[in-house]
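I have placed the structure first, in the form of structure tokens, so that the comments after it can refer back to it.
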Amino acid sequence: MESDGSAGLAKSAALKLSEMGERTKQLGSAMQDPNRQRKLILVIVCVALLLDNMLYMVIVPIIPDYLADLETEQAARTHANSSVSRANRDSLDIQIGVLFASKAILQLMVSPLSGTFIDRVGYDIPLLIGLLVMFVSTCIFAFAENYGTLFAARSLQGLGSAFADTSGIAMIADRYTEEAERSRALGVALAFISFGSLVAPPFGGVLYEFAGKRVPFIVLASVCLADGVLLLTVIRPFSNGTRANMPVGTPIYRLMIDPYIAVVAGALTVCNIPLAFLEPTISSWMESTMNASQWEMGLIWLPAFFPHVLGVYVTVRLAAKYPELQWFYGALGMVIIGASSCTVPACRTPGQLMLPLCGVCFGIALVDTALLPTLAFLVDVRHVSVYGSVYAIADISYSLAYALGPVVAGQIVHNLGFVQLNLGMGLVNVLYAPALLLLRCVCQMKKSCSERNVLLEEEPKGLYDSIRMQERRLRRKGLCTTTANVCPVAENGLFEAPRSLSEEESSGPELT
């Protein structure tokens, strides 16, 4: 009887293992489905962008107070006199500014190299590298106990962002090849960027107040690790055998001298200058002019998330109906940013200040949502459809604004004043807006320059389109012996998409 019972248990265990194996196999096949995989990739990239921007902003309420405590402890240990203590407090603002800017500075330096690296090896491995580096930097933040370690962690985060941000945005552009879908997917990514930037300060402040410095960073590190594991599960970057046949992307220096890409990059830099310059200066201005409390300084940024999402939604809907006006949406956004920036110094209460800040974020949403898909389209029609370097240029544009902000903005306020800073930023945005008129003719390049819709009868695959295009050219020249899927040649020398049997039957004889 005991042997029969053990045999029954073994049989039931084998059946359960078999069922688990079947479910695992079904889950694996479902994850490899192109449409589901594309959605999962969008989720992975959005989480990576959310983490990067939360790490960028979560230190805002934590680091100044933490460094002040470190300075107090050091002064108590060394029995420093009051004059030395005051000197240390004066240098603390400089240390905080350098710490905040170190991430953007290193990201600015690494982005050209990361863009070239992404073009060579694909998007998945650089995204995994970026997530791994961000995980390490977050863990260092959690356990750092001096300024040097915090500086190293912040700089390391810039290295991870140069890989994760660029490869993530490029991967979205590669997987979503239709212009409307690409704009929608990039809009979702931008919404996650905005949400991460705006929710991070209250998230970090609350956890720091009630749980200590380490807990916010441990939570973010755990999410980063989970995102990396999901990436390995969905994409399996180290098992991709097609990487050896990847097309060679256009070098980044050639993309930089493309006048259309240069105009877009300049607009991305200029439109982010107000936000980058206000973040390190607006708190002290509010304290001196409004006697604002700490919670009011943090709360003024929170409502700006909603107009940013609204701007993304409006631009995506308008771009789907009127794609030829992408340049106009960007120019309109820059005008709104300029007008909102000029009205900031006129505010006298935190409630009034929320309105122009909402206008700045709404305008940035218009510019980013309109111009980021334009970069991918420009690469499609004027260069090779590999997107690492072009989005490295976009990353350079953002990093330039945020690297200058903590360092330059304080000096401008000290020498010229807060009012002059805002008027100057607003004027620069308004004056740059007419430069986007150069992009009016971009939509006309679609039929004349893009080979994607003409040469491919199948659904385009983004990164690998160039390989298939080259094979078609070889077939046209008679250099390829493969006869499968050969398209007939039209009078203009291009391949016609094969018609289905139903189309041929329904077309009937031609009338002369």
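Placed from the backbone N, Cα and C atoms, the Cβ positions cover glycine too.
Now, the feature entries from TrEMBL:
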{"type": "DOMAIN", "residues": "41-447", "note": "domain 'Major facilitator superfamily (MFS) profile'"}
{"type": "TRANSMEM", "residues": "40-63", "note": "transmembrane segment"}
{"type": "TRANSMEM", "residues": "125-144", "note": "transmembrane segment"}
{"type": "TRANSMEM", "residues": "185-203", "note": "transmembrane segment"}
{"type": "TRANSMEM", "residues": "215-235", "note": "transmembrane segment"}
{"type": "TRANSMEM", "residues": "255-278", "note": "transmembrane segment"}
{"type": "TRANSMEM", "residues": "298-320", "note": "transmembrane segment"}
{"type": "TRANSMEM", "residues": "327-347", "note": "transmembrane segment"}
{"type": "TRANSMEM", "residues": "353-378", "note": "transmembrane segment"}
{"type": "TRANSMEM", "residues": "390-413", "note": "transmembrane segment"}
{"type": "TRANSMEM", "residues": "419-439", "note": "transmembrane segment"}
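Listed stretches 125-144, 185-203, 215-235, 327-347, 353-378 were compared with the transmembrane segment (255-278); the greatest number of C-beta pairs under 8 angstroms is found for 353-378. When Cβ-Cβ distances below 8 Å are used as the criterion, the transmembrane segment (185-203) is approached by residues 42, 45-47, 49-58, 60-61, 168-169, 172-173, 175-176, 216, 298-299, 301-302, 304-305, 308-309, 312-313, 315-316, 361, 365, 368-369, 372-373 of the same chain, each at least six residues removed from its ends. Using a cut-off of 8 Å between Cβ atoms, the transmembrane segment (327-347) and the transmembrane segment (419-439) share at least three residue pairs, counting only pairs 6 or more apart in sequence.
Same-chain residues lying 6 or more positions outside the transmembrane segment (125-144) and placing a CB less than 8 Å from one of its CB atoms are 44-45, 48, 51-52, 55, 59, 114, 117-118, 150, 152-154, 156-157, 159-168, 171, 213-214, 217-218, 220-221, 224-225, 227-228, 231-232, 237-238, 388. Proximity of distant same-chain residues to the transmembrane segment (40-63), defined by a Cβ-Cβ separation under 8 Å and at least 6 residues beyond the stretch ends, is recorded for 31, 96, 99-100, 103, 127, 130-131, 134, 137-138, 141, 150, 154, 157, 160-161, 164-165, 168-169, 171-172, 175, 185, 188-189, 192-205, 208, 213, 216-217, 220, 223-224, 227, 230-231, 234-235, 279, 294, 298. Residues 60-61, 179-180, 183-184, 187-188, 190-191, 194-195, 198-199, 201-202, 205, 282, 286, 326, 329, 333, 350, 353-354, 357-366, 368-370, 373 of the same chain lie 6 or more positions beyond the ends of the transmembrane segment (298-320) yet place their CB under 8 Å from a CB of it. Counting residues 6+ beyond its ends, the transmembrane segment (353-378) has Cβ neighbours under 8 Å at 169, 173, 179, 182-183, 186-187, 190, 194, 258, 260-261, 264, 267-268, 271-272, 274-275, 278, 282, 286, 290, 300-301, 303-312, 314-316, 319, 326-327, 329-330, 332-337, 339-341, 343-344, 347, 387, 390-391, 393-394, 429, 439, 442, 446 in the same chain.
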